[in-house]
Amino acid sequence: MTDTVCYRHPDRPAGVRCQRCDRPICPNCMNSAAVGFQCPECFNQGARSVPRTRTSLGGIQRGGSQQVVTYTILALNVLVFLAARFGNPQILNDLVMVPALAGSEPWRLLTSAFTHVQIFHIFSNLFMLWQLGPPLEQMLGRLRFTILYILSALGGSVAVWILSAPGGATLGASGAVLGLVGALLVISRARGLDVTWIIMYVAVTAFLSFAIPNVSWEGHLGGFVVGAAVAWIYLQLSNHNRRNRQRA
């Protein structure tokens with residue numbers, strides 16, 4: 001115990017001293033540590049020096065729910081769908097992917113991945129996102145999962161821009177979702193897991209893309225290829241970091 005005053009609050013008596021810097025601190029400045037109490041500065045400095053936990057593929061492990069990005073994407077898709085269906089349907093005209101307009105309105109490359117018209121369309125896409133998103137987000141971490149999803153969506157839109165008719169309109173999260181499928185295929189193969197169901201899903205999707213009119217095979221292909229490529233890069237980075245840690 002000490003009879004001096006707190007170094008941060010001269011008008012308050014100090015009850016203890018910081019275990020790291022030995023400065024007197026009042027009850028308001030006391031932070032519980034492994035041993036005794038620490039002042040705010042020492043406590044914050046110690047928190048910053050704690051190594052950040054990495055996910056299985058090298059992403060940064062965050063606290064709380066590991067599916068926050070997946071659920072946010074799900075919510076955005078539902079909100080846009082409801083706004084267009086029960087609010088102003090014209091908002092879709094400003095969001096869908098139209099190759100002829102993509103050069104002057106580049107936001108369409110991304111916003112189109114959050115637009116749907118038919119209930120079955122949004123249900124099928126969001127169901128797959130709900131199935132694939134959480135495990136991938138947990139493996140990759142929030143940041144890398146977000147990058148994967150956005151790049152997959154952009155990859156699908158760019159493929160539509162290059163390969164489809166200039167005046168056509170494309171919408172839906174299918175390209176981004178196929179990007180998650182491609183990523184899961186690459187990661188699963190690298191880990192020696194059974195990928196039979198993934199290959200079957202890709203085969204069925206490819207068949208339906210050509211068998212059903214008005215289905216964007218271009219968006220599916222672009223999203224799948226980009227998602228697989230991003231996952232491959234993540235694997236290489238993870239392996240590189242693992243080798244560096246082993247040498248250290």
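Any Cβ shown, glycine's included, is placed from N, Cα and C.
According to TrEMBL, the domain 'Peptidase S54 rhomboid' annotation covers 105-236.
Tertiary proximity for the transmembrane segment (68-87) is limited to same-chain residues at least six positions away from its ends with a CB under 8 Å from its CB atoms, namely 62, 95, 114-117, 122, 125-126, 129-130, 133-134, 137, 142, 145-146, 149, 173. Annotated transmembrane segment per TrEMBL: 68-87 (among others), in sequence order.
Among the features that TrEMBL reports, transmembrane segment is placed at 107-130 (among others).
Long-range contacts of the transmembrane segment (142-163) within its own chain (CB-CB distance under 8 A, at least 6 residues past either end) are made by residues 57-60, 62, 66, 68-70, 73, 97, 99, 102, 108-110, 112-113, 133, 136, 170, 173-180, 182-183, 216, 218-227, 230-231, 234. What TrEMBL lists as transmembrane segment is 142-163 (among others).
As annotated by TrEMBL, transmembrane segment applies to 169-188 (among others).
Taking Cβ pairs closer than 8 Å, the transmembrane segment (195-213) reaches residues 178, 181, 184-185, 188-189, 220, 224 in its own chain, all 6 or more past its ends. According to TrEMBL, the transmembrane segment annotation covers 195-213 (among others).
TrEMBL lists 219-237 (among others) with the feature transmembrane segment.
A Cβ distance under 8 Å defines the sequence-distant neighbours of the transmembrane segment (219-237), meaning residues of its chain 6+ beyond its ends; these are 57-58, 97, 140, 144, 147-148, 151-160, 170, 172, 174-187, 190, 202, 205-206, 209. Over the domain 'Peptidase S54 rhomboid' (105-236), the average per-residue pLDDT in this prediction is 95.
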